[in-house]
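Let me begin by presenting the structure, written as structure tokens, before commenting on it.
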Amino acid sequence: MDSMTFVLFGATGDLAKRKIFPALYNLFLDGNMPTSFSVIGLGRREMSHDEFQARVEDSLVTFSRRQTDDQSKMEGFLKAFRYNALDVNNPDDYKKLLQTIQQREEELTIPENRMFYLSVAPEFFDKIAYQIKESGIATTKGWKRLIIEKPFGHDLKSAQQLNRNLSVAFEENEIYRIDHYLGKPMVQNLEALEFANPVLQALWNNQYIANVQITASETVGVEERAGYYDQSGAIRDMFQNHMLQMLMMTAMHLPKKISPDDIRKQKKMVMESLRPLQKQEVAKDIVRAQYDQGEVSGEAVVGYQEEPGVKAGSMNDTFIAARLWIDNDFWNGVPFYIRTGKRMTEKSTRIVIEFKNPIKDLYSSNNDETAPNLLMIEINPNAGVTLQLNSRNLLNNGKLEPINVDFSASQDDMPEAYELLIMDAISGDATFFAHWDEVEMAWKLVQPILEAFEGNIVPLHRYPSGSMGPEASDQLLKENGFNWW
Ligand code: NAD
């Protein structure tokens, strides 16, 4: 792994404290950081290096997955950290930043490899990219990379504009767009499940699969994020990015080899084959809904309209269900169902593959029935894989009953998404990051949905908090003879 400088914009923010410092520290403790590295934190207010290091230490003690009694390890880590005050709009601050970067590169005799992590509001992304270029920070004899996290735009047009602005300073292969769902161990494992198991690989097509269901349900409501969420909704917050990324990972087909480029190519082919939605027809395949008051985990909660910060009469979607079709030889005729929402019954992200059941009637003369085989991939909060099969229960008159073959991954030492993703970015492996082509195609799919919502030609259903969404979401599957698992 190359020695490098990690430049963190937004180093005094919440994400840095809760996720980024702990991720770097865990990589360090696991021996997954370069032997020599420098971290330069940037924030709006003034602070000494010592003060900054103390803040970082504080965050590690509070939030790090791994802890150590060996104080020298902690000290060894913290001594890599420096702090500069920087206002994103002030060119002089970038000049000072360049000096700090160069000074540290000299002190540590490390090459000019520079990683820029923008943990700041997205409206700053293009300003920062522009200043990085203008100040000369981007002119390096080593590599340079940019890490950003969604939202990548608010719609197709703004996403394209943002991408043009970023490309002033960074090439596409230098931009690492985090979709933290792609950092979840079970999502990273999808590729192996599909391709490293000939038994599943052989079945991974429309000849054997009846439908695919991808669910990400949350129990929380909008919390303190109404300002953002009321403008975004489940469609932008979850569907355009995380849900479509999981769909790509599930539907992609065996690449020639397992390399970032080949996997990206396969994911892109999925997006290219996704049947576009026509604005006037969106309501046929997309259900939007908003939560009402209800009860979640035994607690009474208010409806979305009563949440602080939500504007009166808001038509925002807190739930989306979708039926999508992939028009290629592998998936013709297999519906992909997606649903995601807030204030639902349980917190769970999972993918269920329902296999066809051609022998359904074979046992009916014995008054027996077979359930469909299901492959259930639990992503969050538990990680595991379950295969549902039919088996005779000799304790119940030999009747056929579904049994589960279960694997549950131990959560204890599981690295966090940010650890895996930051490690990949430092190593230059872009497999689990969102490529611009994917982001743009996802916006193209979503754009007519946004317009149909804005034009109010899609009904806004309601669902009680604590449920799995509105009746209309069940109906979407019933139309094809299925139900949500
Ligand atoms: P925050 O408000 O806690 O921190 C913002 C950071 O930006 C601070 O370090 C602040 O000093 C800096 N900043 C603000 N204005 C600045 C300016 N003019 N010049 C220079 N620096 C400036 O926000 P956060 O929760 O850390 O989130 C940062 C970004 O990451 C946000 O865009 C958020 O949407 C995104 N994000 C956050 C989380 C999370 O869990 N907190 C998760 C995913 C994505």
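Placed from the backbone N, Cα and C atoms, the Cβ positions cover glycine too.
Residues annotated as domain 'Glucose-6-phosphate dehydrogenase NAD-binding' in TrEMBL: 7-189. The NADP(+) binding site annotation in TrEMBL covers GLY10, ALA11, THR12, GLY13, ASP14, LEU15, ALA16, LYS17, ARG44, ASP87, VAL88, LYS150. Annotated substrate binding site per TrEMBL: HIS180, LYS184, GLU218, ASP237, LYS342, LYS347, in sequence order. Positions annotated as domain 'Glucose-6-phosphate dehydrogenase C-terminal' by TrEMBL: 192-485. The feature active site, proton acceptor is assigned by TrEMBL to HIS242.
Across the residues annotated as binding NADP(+) (GLY10, ALA11, THR12, GLY13, ASP14, LEU15, ALA16, LYS17, ARG44, ASP87, VAL88, LYS150), the two Cα atoms farthest apart lie 21 Å from each other. Sequence-distant contacts of HIS180 (substrate binding site), defined as residues of its own chain at least six apart whose C-beta falls under 8 angstroms from its C-beta, comprise GLU149, HIS242, ALA417, TYR418, LEU421. Taken in sequence order, the binding-site residues VAL88, GLU218, ASP237 that lie near ligand 1, meaning a CB under 6 Å from one of its atoms, are VAL88.
Site extent for substrate: among the recorded binding residues HIS180, LYS184, GLU218, ASP237, LYS342, LYS347, the largest C-alpha separation is 20 Å. Nearest to GLU218 (substrate binding site) in space, judged by Cα atoms and limited to the binding-site residues THR12, ASP14, ALA16, is ASP14. A sphere of 10 angstroms centred on the C-beta of LYS342 (substrate binding site) encloses 24 other C-beta atoms. With LYS184 (substrate binding site) as the anchor, the candidate binding-site residues are GLY10, THR12, ALA16, ARG44, VAL88, and the one with the nearest CA is ALA16. Within the same chain, the residues at least 6 positions away from VAL88 (NADP(+) binding site) whose Cβ sits under 8 Å from its Cβ are PHE9, VAL120, PHE124, LYS127, ILE128, GLN131, listed in sequence order. Cβ neighbour count for THR12 (NADP(+) binding site): 18 (other Cβ atoms within 10 Å of its Cβ, all protein chains included).
Within the same chain, residues at least 6 positions away in sequence whose Cβ sits under 8 Å from that of LYS347 (substrate binding site) are SER217, GLU218, THR219, VAL220, ASN380, PRO381. Per-residue pLDDT, averaged over the domain 'Glucose-6-phosphate dehydrogenase C-terminal' (192-485), rounds to 95.
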